[in-house]
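Step one of this worksheet: look at the structure below.
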Amino acid sequence: MATQDGQHSPGFSSFRGDKKAIARLPSNDSADSDALRLAALGYDQSMERKFSVLSLLGVGFSLTNSWFGLSSALVTGINSGGTALVIYGVILVACVSSCVAISLSELASAMPSAGGQCYWAHEFASKKYKNLASYFVGWFSWAGSIFTSASVALGLGLAVVGCYQLSHPDYVINTYHVFAAYQCINAVAAIFNCYGKFLPRIATTFLYISLISFATILITASLSFIPSVTAAHQPASFVFATFINNTGYSQNGLAFIVGLIGTNWPFACLDSATHLAEEVPRPERNIPIAICGTVAIGFTTAWFFAVAMFFSLYGSIEDLTNTPTSTPILALFASALTGRRGQIAGAIVLESMILTTGMGCMIASHTWQSRLVWSFARDGGVPGHKYLSHIDRQLDVPLRAHLVSCGLVAVVGCLYLGSYTAFNSMVTACIVLLYLSYAVPVGCLVFHYGRSNLKHGPFWLGKIGLFANIVLLAWTLFTLVMYSFPYTMPVTAGNMNYVSVVYAVVTFIVVVDWFARGRKAYGMKEMERDERRASLGDVVR
């Protein structure tokens with residue numbers, strides 16, 4: 001175990017179960033206190049607590065990075081509601097995400113474990129079903145993280161080839177070009193996550209890069225409001241009151257709901273900070289700061305970004321949806337710079353800032369998914385769990401879990417070669433699967449365990465927290481149903497929403513593994529953890 005000054009003290013495993021040895025530890029040593037708190041949950045301290053609250057916020061915001069996510073998913077909102085959908089959809093989803101953040105923060109403050117929602121589901125579910133509930137949550141979380149990384153890599157891959165197409169108008173984008181860019185981006189992000197001691201600096205750096213890029217793009221876009229600088233800009237009525245329904249649905253309300261996927265994706269993955277609970281000091285306080293800070297910064301940047309971009313548009317919405325670059329935000333940059341020297345070069349520079357920010361998102365996504373599967377593997381949750389639960393002591397990362405997860409992201413990318421529609425369904429799946437993984441422990445807490453029975457941490461909002469729990473559960477049910485609707489009408493094999501198939505495949509894999517291996521291995525690990533906690537008694541509580 002490492003103290004905050006980098007020196008190593010004996011790991012908790014060296015005095016596991018020895019109450020007298022535990023009692024002799026200095027009570028003012030925050031590193032030892034964190035290890036004891038973790039021991040009370042049934043786990044040993046495996047990695048150094050190297051993340052500060054700022055670098056933890058860097059990971060959380062770099063992954064969620066709402067303004068970057070909005071730029072990547074812009075076309076979905078435009079086709080399903082125009083500018084009004086994006087502007088007001090961001091507000092709606094940010095409100096829901098605030099409730100998600102409150103719910104996760106309360107649980108992370110009470111039980112800060114790298115297992116996150118997987119651990120909480122086990123603690124709050126009934127004795128009969130706690131292993132099964134935790135098992136499904138762990139798999140849904142891991143699948144959601146894989147699909148998230150895949151969707152980020154695809155967005156960046158499209159942006160890379162889009163920049164080349166913008167500077168070479170005769171170039172026609174082919175699927176395999178995007179696929180090659182996808183795989184390169186995945187590999188580069190994987191390398192960054194192989195060195196644990198650098199991750200806090202990387203996370204902090206990309207936090208600053210994201211905010212600086214956001215400010216630069218916002219200022220550049222704002223210059224287009226000046227008549228002497230560019231030909232024209234859009235009026236407020238266009239930005240705040242333009243509704244476009246290109247979905248084929250006769251009801252605008254249904255089109256709006258389908259389009260919310262585009263504004264929901266930038267606010268996904270709010271659990272990322274919880275899976276670093278064992279790598280940050282005082283996680284019961286710092287994790288809620290990171291989660292809630294992510295939503296606050298995310299909403300502020302995403303909303304102002306959307307407003308500035310739509311004001312700066314020179315031309316029509318159709319110019320964005322039909323752009324040969326396949327990247328609407330790149331076409332919007334070029335549009336905003338109409339009439340100025342270096343229009344194409346300027347648009348590529350602005351898009352490069354988004355690409356750099358997106359790489360930070362990709363790196364953070366790998367950090368998140370590696371911790372998620374590692375923590376799940378140490379409880380016996382996945383095949384090869386003994387192999388995947390290993391920590392590389394020199395690199396201070398779960399290297400095996402990380403490389404396997406990155407390999408799965410690479411494999412998932414191959415689906416893009418066969419069907420973009422099927423691949424796009426996984427983007428929706430990453431949103432809903434993660435919501436389901438949050439809803440299970442929160443539902444068990446509210447309806448079975450009881451909020452009043454929870455020994456809460458310093459972050460606790462009482463009735464406000466209960467309201468946030470109810471909103472999270474209601475929104476999960478809403479997305480499970482409504483996000484399964486086809487994106488456009490009439491439905492064909494080429495435009496069908498196959499997210500229900502993704503749910504079925506993931507569930508089938510989980511059920512098969514549960515009966516073939518999981519229920520025995522997972523049950524044994526849970527027994528070992530419970531015995532360890534019982535042996536420590538009240539000393540660490």
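Every residue, even glycine, has its Cβ placed from backbone N, Cα and C.
Database features, via TrEMBL:
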TRANSMEM  51-70  transmembrane segment
TRANSMEM  82-104  transmembrane segment
TRANSMEM  136-161  transmembrane segment
TRANSMEM  173-194  transmembrane segment
TRANSMEM  206-229  transmembrane segment
TRANSMEM  249-268  transmembrane segment
TRANSMEM  289-314  transmembrane segment
TRANSMEM  344-364  transmembrane segment
TRANSMEM  401-420  transmembrane segment
TRANSMEM  426-448  transmembrane segment
TRANSMEM  460-485  transmembrane segment
TRANSMEM  497-516  transmembrane segment
With pairs restricted to those 6 or more apart in sequence, evaluate whether the transmembrane segment (173-194) and the transmembrane segment (136-161) have 3+ C-beta pairs under 8 Å. yes
When you look at the transmembrane segment (344-364) alongside the transmembrane segment (82-104), do they share 3+ Cβ pairs under 8 Å, ignoring any pair fewer than 6 residues apart in sequence? no
List, by number or range, the same-chain residues at least 6 past the transmembrane segment (460-485) whose CB is under 8 A from its CB atoms? 96, 98-100, 102-103, 106, 109-110, 254, 257-258, 260-261, 264, 428, 431-432, 435-436, 438-439, 442-443, 445-446, 451, 497, 499-500
For the transmembrane segment (497-516), give me same-chain residues lying six or more residues beyond its boundaries with a C-beta closer than 8 angstroms to one of its C-beta atoms, as numbers and ranges. 132, 135-136, 139-140, 143, 147, 382-383, 421-422, 425-426, 428-429, 432-433, 483-487
Residue list, the transmembrane segment (136-161) vs rest of chain: Cβ under 8 Å, 6 or more residues beyond ends. 72-73, 115-118, 121, 173, 177-182, 185-186, 189, 265, 268-269, 271, 326-327, 329-330, 351, 354-355, 358-359, 361-362, 365-366, 368-369, 372-373, 376, 379, 381-382, 405-406, 408-409, 412-413, 416, 423, 426-427, 429-431, 433-434, 436-437, 440-441, 502, 506, 509-510, 513
